[in-house]
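> Quick one: the structure is below, questions incoming.
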Amino acid sequence: MADGNTRFTVDEALVAMGFGKFQIYVLAYAGMGWVAEAMEMMLLSFVGPAVQSLWNLSARQESLITSVVFAGMLIGAYSWGIVSDKHGRRKGFIITAVVTFVAGFLSAFSPNYMWLIILRCLVGLGLGGGPVLASWYLEFIPAPSRGTWMVVFSAFWTVGTIFEASLAWLVMPRLGWRWLLAFSSVPSSLLLLFYRWTSESPRYLILQGRKAEALAILEKIARMNKTQLPPGVLSSELETELEENKNIPTENTHLLKAGESGEAVAVSKIVLKADKEPGFSLLALLSPTLMKRTLLLWVVFFGNAFAYYGVVLLTTELNNSHNRCYPTEKQLRNSNDVNYRDVFIASFAEFPGLLISAAMVDRLGRKASMASMLFTCCIFLLPLLSHQSPFITTVLLFGGRICISAAFTVVYIYAPEIYPTAVRTTGVGVGSSVGRIGGILCPLVAVGLVHGCHQTIAVLLFEVVILVSGICVCLFPFETSGRDLTDSISASKEPPSASV
């Protein structure tokens, strides 16, 4: 047995064991959840127009079908984040899988518009648990390869969007939208089927003082990866910090830099309370230690969601509006198959987006990757301020989707990294909730304004939101590439030399 004074943290254990068979299983499970969410989101591009013609809905009623999903996600992302920080990651994502599958399957039997709205809102409530799965997966990944493997995880979203576009192309013309809804709920059921083989996050367990359980899971990882744990005793990051600082009462008491004593005691109580009781984690997100990164992240999540789903909806809406808003032009759209083709082609834009983010995320860092992609997306959308041909429109939206999907991929890597384990899923969940507000407003612009032949105003709004998001990325306090994840809020202060 190693010297009892030798200690190792979860991060050190994960680095020592490397990325192996255990992480592949975790990736497959979390990836299936990401496929499920992507499919449920992408089908909105097809179901809305289908029920609009079936039930004679107005443009506002059609856009509401998408907006209520985001409204449900707004509530769900916050709620499931709190649940998973308080009761564990596994309990958080199993509840969301049940809600998503049941509501998604039942929505195929909606007898009228109101029932469809209610059930799709419940689907959104379940889909709000997506950040819990992402955080759970992240907490098993060794720091040196975290960026690359998070991009691989994001590839499952791309697989889901392409699979949904293919499924819609095959199912909609023959069987209709109800069958599409039923088939799209299948991936969520697989999460229920394989749930019993999942493991709780060792980071969460050790933060709760359940060291024996955390150690058992780390030993399981070592066995499956055919490696060994570091010598010594498993220790939490907070214990290590307190041990190192036990002879420095000023910093240990205040948990803040010198000169902030006026509010130090109050803040330290919030921080320590959040470390022990996740119910206080929302308050901790707005403490001086985390406030700047939290507010900036909210803006970036809003902008990414608003732009991403906007580009998805514009792929069908802009080309459909050409004949309506420019009646003197040659009628180019003769069948609904063209819409399926456009969405199918546009979905493939996410593959180069993934490749770009994979190439940039560890080399250039998270911040530079996000900012460059957001600003480039602005350039692609700029010509759409005026009317373009359907071909040029599709090409520009293809380029815009490459960029915004790359930016969205990186923000889902960066967001969990800037928060400690004590508030990670709450922080990402609340940020994702703010992003859902962007999703709620997005159809009002991409569908409502475009239907009203206000393409210039719609595209201008997207340009402004994306530009502001890019600026906020530049203002993030530090880079996370290659850094260890922190567990306690008190250990998550900005590094002395934050990279820009």
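Every residue, even glycine, has its Cβ placed from backbone N, Cα and C.
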> Answer with yes or no whether Swiss-Prot records PHE8 and HIS451 within the same membrane-side topological domain.
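According to Swiss-Prot, HIS451 sits on the opposite side from PHE8.
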> Among ASN225, ASN319, find the residue to which Swiss-Prot assigns the annotation N-linked glycosylation site.
ASN319
> Are there 3 or more C-beta pairs under 8 Å linking the transmembrane segment (457-477) with the transmembrane segment (121-141), counting only pairs at least 6 apart in sequence?
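They are not in contact.
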> By DSSP, how many residues in the topological domain 'Extracellular' (451-456) are helix, how many strand, and how many coil?
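Its residues fall into 3 helix, 0 strand, 3 coil.
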> Summarise the topological domain 'Cytoplasmic' (363-367) as counts of helix, strand and coil residues per DSSP.
2 helix, 0 strand, 3 coil
> In the topological domain 'Cytoplasmic' (423-429), how many residues does DSSP put in helix, strand and coil?
7 helix, 0 strand, 0 coil
> Work through the binding-site residues one by one (LEU138, ILE141, ALA143) and point out the residue whose CB has the fewest other CB atoms within 10 angstroms.
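Across LEU138, ILE141, ALA143, these binding-site residues, the one with fewest Cβ atoms within 10 Å is ALA143.
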> Quick check: in three-state DSSP terms, what is PRO142 (ATP binding site)?
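SS state of PRO142 (ATP binding site) = coil.
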> Kindly assign TYR137 (ATP binding site) to one of the three DSSP-derived states: helix, strand or coil.
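The three-state answer is helix.
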> Three or more CB pairs closer than 8 Å, sequence separation of 6 or more: does that hold for the transmembrane segment (24-44) against the transmembrane segment (175-195)?
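Contact between the transmembrane segment (24-44) and the transmembrane segment (175-195): present.
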